[in-house]
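What follows is a short report on a single structure.
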Amino acid sequence: MALFWCTEALPLAVTALFPIILYPMMGIMDASEVCIEYFKDTNILFVGGLLVAIAVEHWNLHKRIALRVLLIIGVRPALLLLGFMLVTAFLSMWISNTATTAMMVPIAHAVLEQLYKTPTGKDVEEGSDNPTFELQEPSPQKDVTKLDNGQVHPVPPASSELKAQKDRQRVRFSQGMSLCVCYSASIGGIATLTGTTPNLVLQGQVNSLFPENGNVVNFASWFGFAFPTMVILLLLAWLWLQVLFLGFNFLKNFGFGGHEREQEQAAFHIIQSEHKLLGPMTFAEKAVSVLFVILVVLWFTREPGFFLGWGNLAFPDKDGKSMVSDGTVAIFIGIIMFLVPSKIPGLTQDPDKPGRLKAPPALLNWKTVNEKMPWNIVFLLGGGFALAKGSEKSGLSEWLGDKLTPLQNVPPPAIAFILCLLIATFTECTSNVATTTLFLPILASMAQAICLHPLYVMLPCTLSASLAFMLPVATPPNAIVFSFGGLKVSDMARTGFLLNIIGVLVITLAINSWSFPIFSLYTFPSWAYSNTTANCMVNQANTTTARP
């Protein structure tokens, strides 16, 4: 399965179905046991989260948020870069990274068209319109200065040099803008449990391998760990892109002492006109916004850990734990979206049936959901959980763990750092879901074998799977940006290489600092004990505390 996932000889979701056939035939697991792995609580959370994301996308709420933030931040080069990064990262926390990038790249290029457009009557710069980058308004024709007799005016050497410099600046800024969108889509996805699929793979694997873990990875605990990581990485990425594509002149980057006011006004105008075209907020947009906010609040307060959540108080099990999961909440809000109308119900007559009132359509309908829901990911997640369960049942995990015991002599922070680098490299050429699915069960076995808290290696490696910055094939946002043109593979590889290193360092910082109190990483947890970890009970001194 690893070989098929890496080479994509078959579609990823088809490869994920192998355990259903092979496990019963090889005597590893009963067919009914294998099939249960394909629709676990984590898959339900994925489907529920996407129902809400599809509603946000369907009613164009994401575009309104994007344009509103860009209007607030403004169009000075460095701030424009930051504005696009903040908007893209925020949206990709809640809707798919691919959909976010597909929406933001055309907006970015339309703004750039205005920012570098030739002011009327000035022979500063020529160029051809690229229709792909236009949103609603076609760019005016470029003026070419001619003499009365029809001859082209000769351009002085200084002017042509200035034009070449402007062209280079434009190309560099355009490249930076494209890359900032796809990178921030990947970075933003790590902040929430539903933001990108590897995060859900981790939650599912932890629940599958360690059933007694007490729901240690939930929406609130993940957000507490990953959101600060995302913010630091996003700001460092912004600084790196600024230095690489705008240069070290920070005063100019922030728009002080520049002479580009006219173009900046034009760029601001296109964002403004796009925002006006959306019109006032519709009832459907307001309803989706309210339901979205309710979902996030319910997720955070269900079982926060540091105080009793509504899940503990209203729906406790015999141990006082919440019987309701994050998936339950997501599906609940998703079902409400099929019930709530998209317009305020009025007394509108149905033209086909005179005398009967016509009901407005709901916020979501099954046709829209069916078209936009990536069902293949549900099977891919399930295949990963089945693979992990089979490794455990067959004794493969135990055998792997025994082979990795020599790592006991390596300091835990060094183990985490090396594994992050390995996975960040691996994810450049394979699907990030396949990467986490393959590595996490092995890492869990290794952690048990050397008496290390399993989450100490599983958390950073899950985040590292999202650091796909170097190649266009690494992740769909990179491919979308690359397809718009203006970028070479070498541009992406050069920018992404250092960003990968920065990402690994930030993740290493996160796992050795604020993750300790959130996930109690100080000692080997009781829920990770098994037959192979008997020595961990005796030697509890072997903790994961970071060494100076």
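The backbone N, Cα and C atoms fix where each Cβ goes, glycine too.
As given in TrEMBL:
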- 121-150: region 'Disordered' (REGION)
- 12-31: transmembrane segment (TRANSMEM)
- 43-61: transmembrane segment (TRANSMEM)
- 67-95: transmembrane segment (TRANSMEM)
- 222-251: transmembrane segment (TRANSMEM)
- 283-302: transmembrane segment (TRANSMEM)
- 322-340: transmembrane segment (TRANSMEM)
- 438-459: transmembrane segment (TRANSMEM)
- 465-485: transmembrane segment (TRANSMEM)
- 497-522: transmembrane segment (TRANSMEM)
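In this chain, the transmembrane segment (322-340) lies apart from the transmembrane segment (222-251): fewer than three C-beta pairs between them fall below 8 angstroms, excluding pairs fewer than 6 positions apart. Only pairs six or more apart in sequence are counted, and the transmembrane segment (222-251) with the transmembrane segment (465-485) gives fewer than three Cβ pairs under 8 Å, not enough to call it a contact.
Same-chain residues lying 6+ beyond the ends of the transmembrane segment (465-485) with a Cβ under 8 Å from its Cβ atoms: 97-98, 100-102, 105, 109, 130, 132-133, 178-179, 181-183, 185-187, 189-190, 196, 198, 423-424, 427-429, 432, 435-436, 492-493, 495-497, 499-500, 503-504. By the Cβ criterion (distance under 8 Å, sequence gap of 6 or more), the transmembrane segment (43-61) is counted as touching the transmembrane segment (283-302), at least 3 such pairs being found.
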